[in-house]
Amino acid sequence: MPALPRPFLVTILAVGFAAAHTQAPLFYSNQNQYLLHGLATAGYGQLSADWLSTTADPTPLFSAGVAAAYRAAGLWPLQAAYFALLMGYFAAAAWLAGRVADLTATPRLLAWAALFTAAHAAVFRVLSVWLTGVDYPWIFQAGVAGQYLLGPGIQPSAFGGLLLVSVAAFAAGRAVLAGALAGAAGLMHATYLLPGGLLVCGYLVAMLRERRPGAAASVGAVSLLVVLPTLTYAGVTFAPDDRAAFAEAQRILAEVRIPHHAVVSRWFDAVAAAQLVWVALGLLTLRRTRVFLPLTVAATGALVLTLVVTAVPNPSLMLLFPWRLSAVLVPVATLAVAARAAAHLPAGVSAVALAAMAAAGVWVMAARVGYATNTAEEPLLEFVRTHAGAGDVVLIPTRFPAVGTGRGSVSTSFTPPPRPRPGSNLIPVDLQRFRLATGVPIYVDFKSVPYADDEVLEWHRRVAWAEAWYAAAPDAAALRRAGITLVVSPRDKPLPALGEPVFADEAYHLYRVR
């Protein structure tokens, strides 16, 4: 039987990788924030009346794509687009892996694909959680501080895969393309401006070492030109109106909303240290390739900036996330180590393993045993979706969680979500999808947050108000003043002062404000 043409084979393997990786149901985790502006613009439900949808959009290009996709064909293109991103991520990894080891022979390519897919496969993540309660395989594809390229589904951070394509392009001698791709990641999500800039600095150092100053200047100019719209938009839209308000908003974001991403002492632990060792091993594996020097320069820059942030824990510096480069370096290390190990895995075993992982990924998604959601809330969501009308605004239980010393959110892992517990009004991790799952505006939730300074302060005020309202005697007049028309409460914390609930089940009550 003749060998398949290589591009066709890589495409087949990429489809298998995307199936094995799987994706969450829509409206999962960060999607509840980043899909909002696009869907509201496109006329999804009543979301254009939601307060958060009227705040400054941190990712306007992504939102424009979401709006266009929804207007054209509804919600399904969002999941199709993520499937395509997964395929592109795999293809870029294969492109780069081919520079680490000789993968021209089909058996070698299949062996590498099996190892790389295994590091991302949903089935092994599910098994890890079932056996140990921890999603250990996640650490071989994600960076430190709970930051990652792929994640559970389509969202702006998934376009960080362009940074992986950028590294592969530089390895293949396409330096200008590499610079443009590094900039394009920042064009989709401003959080990639610094990682992309560090990579471009690494490219420039490597090219200057090769005595190619003209080519280096071209790469720098192209990357800067690509990110210029993002820099301009961010500078105009999120410029501080008041120095004190800006400082307080930055503190709230870094220390209240996302300390598990921003505060080094919150995320640096044995797992993070092991990931850094894995990155070092990956760089050692790449030492004879063209990307060794630029990646080392970029990693050194990220490390120095991280040490600066650790020594000077300023919230604005924390929110630069210099450690976010690890979200690129970890999967690069994984693909590099897999490329070196590919010679030791038989092709026949590799092909069977790939097919099994792809089939298992389909099962994980169909059975919802990976990115699990809380089924207890589904009757409530369905009732609100079908009974709420124009002008309705829902108050859902929310509060500021206690800041501890744990690693923070596990919403991207396969660990089960928390369930409502008696005596607690803390919003379950899945009730964060209330807004998008129903298409009905809510007053506020803790998960989704704006970024402009005055809007962050208003978000903080709303969360504090909601927490105080649930803690005190029910006050219908306060609800009316806030424009709230529906109130959700856990079943074991009824609100008789609001009258009979319009909906009740074993988990929640829903009251209409009279």
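Easy rule for this one: first residue shown is 1, then count along the chain.
Every residue gets a Cβ built from N, Cα and C, even glycine.
Curation plays no part in TrEMBL annotations; they are all automatic predictions.
Per TrEMBL, domain 'DUF6798' is recorded for 426-464. For 1-20, the entry in TrEMBL reads signal peptide. As annotated by TrEMBL, transmembrane segment applies to 80-97, 109-130, 190-208, 215-236, 267-284, 291-312, 345-366.
Counting Cβ pairs under 8 Å to the transmembrane segment (190-208), the top-ranked stretch among 109-130, 215-236, 267-284, 291-312, 345-366 is 291-312. If one looks beyond the domain 'DUF6798' (426-464) by at least 6 residues along the same chain, the residues whose Cβ comes under 8 Å of a Cβ in the stretch are 26-29, 31-33, 35-36, 39, 44-47, 49-53, 55-56, 58, 237-238, 240-242, 245-246, 248-250, 252-253, 256-257, 373-374, 376-377, 381, 384-385, 388, 392-401, 411, 417-420, 482-484, 488. Within the domain 'DUF6798' (426-464), the DSSP-based counts of helix, strand and coil residues read 22 helix, 1 strand, 16 coil. When pLDDT is averaged over the domain 'DUF6798' (426-464), the result is 90.
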